[in-house]
Ligand SMILES: Nc1ncnc2c1ncn2[C@@H]1O[C@H](COP(=O)(O)OP(=O)(O)OP(=O)(O)O)[C@@H](O)[C@H]1O
């Protein structure tokens, strides 16, 4: 029952693309063509040129066929010229060889251009995604758009070939049609009657399946998620222990069946209509054929012309059908382009502009939070409320508070991953928003509680703290020593060259604490003016924690540091402690001052201390 209810909710939000939207999508084709051109102008020009030549070939071949038949017929009646016949045959042979050559060259330039284009657009997508704000990634509508834009890399390459083939076919059709018109203009009309119904059918069903696929983006994302969660190295442990396999499979089965059924209905209808409309086309072809035969019998057409016309007609019909159905699938491709271009139109609000003032090379006064409030998008409650405090230059400040109090949020504001909803943060007397954000981020090092376990080799995993220095092995090793990561790395079969994580061949996974030592190494590597450590020792054993603390003074020497921890042994290392409760500042002061005050800090401290007694 639950699953049915859950599915109903999912189906509610579907919003099929309207016809209007569909044809409007064609406006994306010109910029798309420009993008292809820019990928590699020479290759694009060669491709178009080759296709242009190839488009004349069918009509030439057919016409030569007519000349050959008529010449043979004349020869049987002792009127023809044998030399001329062999000239025609030789010409046809030559054209056929050239045609094969052109086809190969077109396929080659198509695939090379396609690969270049796919690579270039993937890079552009990644570059643009890298500029966007954190909250944009947290928005599910945005995520769907990104997902669609990303998935369509192959689709875009296909669309490229389609557009180019379409141009080529237009010329082939025009040449063939010109041949038909010369001999029998009425055939053109018959041809259109035979082909247009099939085109309308194609367009209609293409639109339907696109709407379906598009409106199912969130579900397909969920299907991917279920497929991944059901069978991955990261989840296998808990899936087994909790016996979740069947639960996930059932969820997947119900959702995928629903999609299959919706798709099946369209596919079946499409097949039936396809049969009927194709029969109509065949009927049109045979009417034309009978007409041509009659004309030949009555003597208005030669046998060569009969063959020329009937083959031209059949070729034209085939070409037109491909042209029209390609046209409707291009419409679909153009709609996907819409997602692609829309994604590029998204602009970050926190601009990484060069206009901002440079970050102070050495911070003079420090940070001042002035009545700062912050609310996450689509969440009713404020995560931070009227927060005011100072973080002096060179000071080590610890943040203490219960789960969900707002500690991590505060850090994200400091690093300008978000901007305050109300109030402002000053650095040396100026609003943080006035500084060049790239400059600011360069001077801040944050090691988050949920730091990323990159599937990279050990040295790179530490170097992510300052990736420009990924080849500075001495600095990497020094950082590893200070964070105790060197002890972990020394035990790895390939030491600093060892691939970490299970995803790739020969990868070795680490324990939680071992990973944390690697992450801490990044903080040493970062070597920035401001250092923020969110639960830096949570996963460390007692000895490692003790050793890390001994080095802590070293790590934060001359730096402004923020330390988030639930362990009071860690918190004590700070100069001052800020206690946050429900997003507001409750107390601030040194360990001794706060104990003397006997407020919340003292209460929490004694609570934890009691646990150790
Ligand atoms: N990306 C987000 N979108 C919406 N709400 C969020 C997001 N991140 C955090 N929150 C909410 O903001 C509040 C503060 O969260 P925050 O992560 O800052 O707490 P914290 O003090 O670091 O907690 P913890 O000690 O558990 O790490 C919480 O109520 C949380 O649910």
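Just so you know, glycine gets a Cβ as well, placed from its N, Cα and C.
From a predicted model like this one, the values you see are computed outputs, not experimental measurements.
Summarising the annotation, TrEMBL assigns domain 'ABC transmembrane type-1' to 55-332.
For 367-607, the entry in TrEMBL reads domain 'ABC transporter'.
Distant neighbours of the transmembrane segment (85-106): 46-47, 50-51, 53-54, 57, 60-61, 64-65, 67-68, 71-72, 75; these residues of the same chain sit at least 6 beyond its ends, with a Cβ under 8 Å from one of its Cβ atoms. Here TrEMBL flags 85-106 (among others) as transmembrane segment.
Here the transmembrane segment (170-200) has Cβ contacts under 8 Å with residues 52, 54-56, 58-59, 62-63, 274, 277-278, 280-281, 283-285, 287-288, 291-292, 295, 301, 305, 308-309, 312-313, 315-317, 319-321, 323-325, 327-328 of the same chain, all six or more residues outside its ends. What TrEMBL lists as transmembrane segment is 170-200 (among others).
Annotation source TrEMBL lists transmembrane segment at 271-292 (among others). Residues 184, 186-187, 190-191, 193-195, 197-198, 201, 205, 301, 306, 309-310, 313-314, 317, 321 of the same chain sit 6 or more residues outside the transmembrane segment (271-292) yet have a Cβ under 8 Å from a Cβ within it.
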